[in-house]
Amino acid sequence: MELLDGFQAALSPENLLYAVIGAILGTLIGVLPGIGPTAGIAVLIPLTTVVPPAGAIIMMAAIYYGAMYGGSTTAIVANIPGEATSVITALDGYELAKKGRAGPALAVAAISSFVAGSISLVGLSVFAPALARWALEFGPPEYFALLMVAFSLVITLSGRTLLKGVASAALGMLVALIGVDAYSGGTRLTFGIDAVSAGLNYVAIIIGLFAVGEVLFNVEKDVKRIYEMAVTRWLPTRHDLKESAAPALRSSVTGFFLGLLPGCTPVVSTMIAYDVERRVSKRGKNFGKGEIAGVAAAEGANNAAVSGGFVPLFALGIPSGATMAVLLGAFMIYGIQPGPRMFTEHPDILWALIASMYIGNVVLLILNLPLVGIWARLAKIPFPALAGLIVVFSIIGAYSVRNSMFDVWVMLIFGVVGYLMRKLEIPLAPLVLAAVLAQLVESSLRQSLATSHGAYTIFFTRPISAVLMIAAIVLIVRGVWVYVRNPERKSAVLEDVD
Amino acid sequence: MSVDDQAETVPDDSAEPRNVIARRTADIAAGAGLAVIGTLVLSQAVRSRPGLSERLDPRTVPVFLSAALVVCGLGLIVAALRYKGAGGVLDWPTAKGWRRVGLATAAFVAYAQVLVGFGMAVATAVFVAGVEWALDRGSILRAVAWGLASGVAGSLVFVALLDVQLPAGPVDNLIASLVGG
């Protein structure tokens, strides 16, 4: 019923237009070199402030899943994953493209994304409200414990970059704590600089880290023209579709359930789901060598994990990765705090958003199938022509949140920081995740301790928080144990996230 | 980074010593940097005003986090010193790469500075044209045309139509008046 109301709202000409614009912008962001979905969304957040909140949020979400669709185009056509999750798509997609089958690979990617998107949206509509109802019983101790689980997953998945991952998360939280403390009224970590007493704008920080950092990275590499492949025939054969159907369905289900885990980013979910499919599929041994079923599996898992990630975001207010953290930040700008109360306080916006995702999924299929050739051609725009524009958009984005040149300088500083972090292999995702969640972590800890009169045992005397805290501790101990035993073990996760 | 590039990061025996030194140096530098930042923040955090009645002192979380930063930094240095070379090639810039990054950063700073005085249209036109030409070294005319188009379109869309409160110069005002903004 609520979903039907959501459809009614989402199908209003105005909201439909925002969804279509968002899907097109997102696909562009995914396709164009030099800007990923995290940076793209961060840059566009301030510019959506001219749109009413419901429309802006619909547009933001459409940009996100549009970027996920678009990212696969460059991964297949040029072996350049537009965003991290498309790395897996490139394994088979690019091999197919080299055999002259880029078109069918792109079409199967689009169809598989559509199937996965549809299945996981049904899952989202069912699981998110149920989880939110359960989470309504959460008090501050449960929230704090849940946040600890999310952070401990970041640690567990860090592998060789454990220390860098933890340091990145600590930096993110510290950056978010700069300025006036809402409880005591005193300033913290300002180093006597008045301009920072209002705090650093996290949109500016994210734009700097991802957009400007990415431009600097490509400038250093002297990237010019990277997309050279022509796409002539895009229709998949009946055999292609038959081969792809089961992997797309199976990986959608696996990807969705993995996407539910807070802290388990779409990259991780896609990698695991692809690996599962490789083991299960009859043609699994050919995965990575140009297998159309591999493209279907990767894209299915990727898109299902994205929708799965919306479940903890909507139901618990916990983002599953950096891009979700940026979306969370965008919601907060519009005065909407994702979490269990969102279902009771803003059901109209929430269900309109979920309904708009169903619509966006169809819009993206329509955009992606016949326009595959156009997207591939757009991907050939030389980076030098785009570099300046990305910086212009970044500056406009950072400036317009508070109409402040100070935010522009913050963004530029964090652009250099982001570039250096990337060069030093310090993952950016924990920083963003921590920066967005820092206030929630501290306030839930404060409220918990106020309830317990300062006793930290409160986290272990309430059943849900005790289970979550023990899970967090086990995950942390396991992560540290694995690292200490083999500190040079390569992580396939956080290093690829950024 | 392309998948092919990632595949190329598998260490090869002949290049290992240089790679190991580069990675070790970079990790030591990163560790030292994190430890220094942690120490500075820690000194600042302990000097913050203590809370009066809260159960959680406002200094607690920053002190804990900055101490964690110091520990991670020092841990990274120790791990780097014990590093034996199984982590792949570090993608460190060449001197030319550093120069390009430095020049690009200077250009971004100059653009942000000029934006306030000259307004969106002029500053963007000059900046986009300059960046396009500097990175591509192709036709100056094409770069100028691209810059002009970007400047005018940027001003038209953001200043005149979307009414984003960006620094406006005389050209922006002219464009806004032409479209009735």
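The backbone N, Cα and C atoms fix where each Cβ goes, glycine too.
Note: TrEMBL annotation is automatic and uncurated.
Copied over from TrEMBL:
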DOMAIN    B:29-167  domain 'DUF1468'
TRANSMEM  B:20-42  transmembrane segment
TRANSMEM  B:63-83  transmembrane segment
TRANSMEM  B:103-131  transmembrane segment
TRANSMEM  B:143-162  transmembrane segment
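For the transmembrane segment (B:63-83), the most Cβ-contacting stretch among B:20-42, B:103-131, B:143-162 is B:20-42 (pairs under 8 Å). Same-chain residues lying 6 or more positions outside the transmembrane segment (B:20-42) and placing a CB less than 8 Å from one of its CB atoms are 62-63, 65-77, 79-81, 83-85, 87, 89-90, 92. Packing against the transmembrane segment (B:103-131) from elsewhere in the chain are residues 143-144, 146-148, 150-152, 154-155, 158-159, 166-173, 175: each is 6 or more residues past its ends and has a CB under 8 Å from a CB in it.
In the predicted structure, the domain 'DUF1468' (B:29-167) carries a mean pLDDT of 88.
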